[in-house]
Structures are given as structure tokens and as C-alpha cells.
Amino acid sequence: QLVAEGDSNQDGTLDFKEFASWVLDHEEQLSQVFRKIDKKMDGYIDAAEIKEAFSQLGISIDDGKAEMLVKRMDMEGNLLISEAEWKEFLLLQAGRSLDEIACYWEHTLMGTLNTGDEAQIPDDFSAEQLRSGQALNMLFSGGLAGALSRTCTAPLDRLKVLRQVYGYQHAGSSAIKAFRWMLQEGGIRSLWRGNGVNVIKIAPETAIKYTFYDFYKRLLFGGPSELQIHQKFLAGSLAGATSQTMIYPMEVAKTRMCLRKTGQYPGGLVGCLASVYREGGTRALFRGYTINLAGILPYAGIELAAYETTRTWLFRDLPSHEAPSVAALLLSGALASSIGIVACYPLALLRTKMQSKVQFSRPELNTVRGLAATVYQAEGIVGFYRGMGANLVKVLPSVAISFATFERINHYFDIAHPFGRTSNRI
């Protein structure tokens with residue numbers, strides 16, 4: 001884009017004169033944005049002015065992140081950005097307007113990365129991003145990246161579900177024996193059972209979550225801007241609970257499809273939902289719903305706290321003027337997701353067991369308390385963590401595949417940022 005903007009004679013290259021002209025023009029535009037942010041008109045930008053600039057764009061950041069952005073550009077260590085520091089840092093970024101520069105800050109310098117299927121706090125998009133369609137493009141890219149990531153790790157996800165429901169009874173004690181059993185029972189395609197539903201539900205789940213995230217922000221706090229992290233957490237959790245309520249029958253179908261044998265549910269997703277409905281009516285489509293809802297808040301809170309903690313730990317020695325590396329972002333996201341998984345895994349296991357049958361033959365197993373007591377009596381604490389190994393193994397490759405796919409899609413379509421930089425959020 002830099003070449004396209006500076007190439008005045010349209011020959012596909014920049015000579016020195018064209019480059020110098022582009023630099024001078026870009027410097028002047030950066031100076032105009034600097035003066036617009038510098039409300040005190042003292043020749044410096046501080047954290048409070050950064051925060052106010054974001055607020056005007058409908059993006060809420062806390063004091064800590066505003067200070068971190070100042071430190072990225074502040075070469076003198078006085079927690080102030082001079083005009084020279086401002087221009088030096090941003091000169092070769094093609095963003096020129098305050099919207100574009102703020103977008104670069106929000107999605108690149110802050111190093112925000114969210115992982116896991118159950119992350120409950122969606123992205124905040126500015127009014128300009130919503131008007132321009134950039135937010136929709138980023139959601140589209142994220143959806144495609146998530147679909148590919150889930151597809152690549154689907155065999156591990158199916159192994160996890162089988163372990164949660166049957167323990168080690170169905171195929172011996174090793175993962176290799178379990179995969180061998182799947183191949184013998186249904187061929188190589190059986191490794192991906194349940195993945196179709198898992199991918200299909202991305203679109204409605206994301207659309208509902210983002211719609212109600214904005215709704216709850218306005219309902220509870222009067223608007224989308226200037227929200228603190230605990231307010232975003234509450235709005236995000238409520239939006240997650242709403243989306244889970246609306247698409248929950250698909251969650252039940254996903255579990256059933258993972259557990260099915262060859263020839264079962266010939267009609268695919270529709271056939272599975274119809275079969276479950278015939279077995280137990282509407283209630284059967286919401287088996288395990290209560291415990292699923294109970295797990296949303298703790299998972300979101302633990303993952304958020306873990307992400308902030310691991311990010312602080314990993315970036316503690318990072319020079320103030322450098323942005324976090326991709327590897328560090330991936331590692332912090334994977335660690336946070338893993339901690340959330342471990343902490344809430346017993347709830348996930350009980351939910352999956354409830355989804356696997358409309359009615360257990362033993363009445364005490366049809367309640368969460370009775371099911372938990374039975375698992376504990378049979379296997380102790382270890383019984384609540386069956387399949388967790390497979391779940392943890394897929395975290396890092398899942399994050400890496402999502403990240404790489406997201407970057408490639410944005411690069412191909414040039415949609416993530418108007419100046420070619422991409423979001424790190426998945």
C-alpha cells in the first residue's frame with residue numbers, strides 16, 4: 001500500500017523522489033493527528049490523552065493499556081510521547097487517520113489474543129470499523145480461521161468426548177488404541193465425526209454473541225464506550241449465556257454425532273436433532289444445559305485472569321519500545337486457555353455425560369449431583385478429568401492454526417486493517 005500511495009507515475013516502483021514526497025506528506029498527516037490528540041497543546045501526548053482519543057472512537061481501554069502504549073513510543077522514559085517520537089514510530093505504517101492508527105494500536109501493539117471455543121468476551125469495535133464493514137470482515141476471517149482450526153484438531157476433540165463419556169472402556173487405555181478402534185469401526189472419516197456441527201455452529205453463535213454483547217452493554221451500562229474490564233466481563237458472559245441458550249441443541253447434537261456409530265443418524269445434523277427430539281422431546285435437546293450455563297462465568301473469569309497474568313509474566317522483560325512477538329502472544333493465549341480448561345473441566349465432563357443420553361437407566365444419574373457422586377465413587381477425582389489430556393494437547397496447535405489462517409486470509413483479501421496490518425485476536 002505504501003508503494004501504491006507513493007507511486008505517482010504508476011510504474012509499480014518508488015524512486016527516491018517519490019519516496020521522499022510520500023514521507024513528507026505522511027509526516028505532515030501524522031503531525032495533524034498528533035496535534036488532534038494533544039488536547040493540552042504542550043507538545044506531548046500522555047496516557048490520559050491516549051485514553052480520551054480511544055474513547056472518542058468508541059473504544060474503551062484502561063489506564064494500564066494506555067500507559068503501555070505510551071511506553072511503546074516513549075524513548076526518553078518520561079511517560080510522554082513527543083511529536084518526533086510519534087512520527088518516528090509511525091512513519092512507515094501506512095495508517096494516517098486517527099481511526100487507522102487507533103486500530104493499529106488496538107489490534108497490534110496491545111497484543112490481544114483470545115483462544116478457546118468458550119471465550120466469552122468479544123472484541124470491541126469502533127464506530128468507524130462498524131460503519132466501514134471492517135468489523136464484519138474481521139469476524140468473517142475469524143470464523144474461517146476457527147473452522148479450519150477445529151477441523152484440523154477434530155480427531156483429538158472426538159477422542160476427548162469418547163473419554164469423557166466412556167472413560168477407557170471403549171478402546172483400551174491408550175490414545176493409539178482409541179484411534180485404531182475409530183478407524184476399524186468407521187474408517188478415516190470417523191475421526192471427524194461431530195466436526196461438521198462444530199463448524200456450522202460458529203456463524204450463529206458468533207452473530208448472537210456479538211449482537212447481545214452490544215445489547216447488554218447498552219442495557220446495563222448505558223453505552224459501549226468507557227467500560228471497565230469487569231463490565232465487559234459481565235456483558236460478555238451474559239452474551240455468551242444467551243448465545244449458548246439459543247444454539248444449545250446444536251451442542252447436544254455435536255456430542256451425539258461424536259459418539260455415533262456407523263449408520264446412526266443417517267440424516268446428519270437434522271436427523272440427529274429429530275432423533276433426540278423423538279427420544280425425549282424439547283427437554284432432551286437441552287440435556288446438561290444448566291451445568292453448561294454454570295460453567296460459562298467461571299471459565300471466562302479464570303481465562304481472563306490467567307491471560308492477564310501470563311501476559312504480564314511473559315512480557316515483563318520486553319523493552320518498552322518493542323511489540324510482543326507472535327510466539328509470545330500464542331504462548332500466553334494457549335496458557336490462559338489451558339488454565340481455564342483445567343479449572344472448569346469437571347463441569348464440562350458432567351455436561352457431556354448428560355448430553356450423551358436422554359435418560360440414564362439408573363435414576364440417580366439423571367441429576368448433576370447424582371452423576372457427580374457416581375463418577376467420584378467409581379474413579380475418584382481422576383474420573384472428572386478423563387479426556388483432559390487430549391483437550392490440552394489440541395490447545396497450542398489450535399491457537400497456532402487459527403492465528404496463521406487468520407493472518408493468511410487477511411493478507412489475501414487485505415481486509416483486516418486499511419493499511420495491511422492484521423488483528424491478533426482469534
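Cβ coordinates come from backbone N, Cα and C, glycine included.
Annotated features, as they stand in TrEMBL:
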- 25-60: domain 'EF-hand' (DOMAIN)
- 133-219: repeat 'Solcar' (REPEAT)
- 227-313: repeat 'Solcar' (REPEAT)
- 324-412: repeat 'Solcar' (REPEAT)
- 326-350: transmembrane segment (TRANSMEM)
*asked:* Across the repeat 'Solcar' (324-412), what are the DSSP residue counts per state (helix, strand, coil)?
replied: 77 helix, 0 strand, 12 coil
_Segment confidence, the repeat 'Solcar' (227-313), expressed as mean pLDDT_ = 86
*Residues of the repeat 'Solcar' (227-313) by DSSP state, where helix covers H, G and I*: 73 helix, 0 strand, 14 coil
*Within the domain 'EF-hand' (25-60), how many residues are helix, strand or coil going by DSSP?*
23 helix, 2 strand, 11 coil
_the repeat 'Solcar' (133-219): DSSP-derived helix, strand, coil residue counts_ = 73 helix, 0 strand, 14 coil
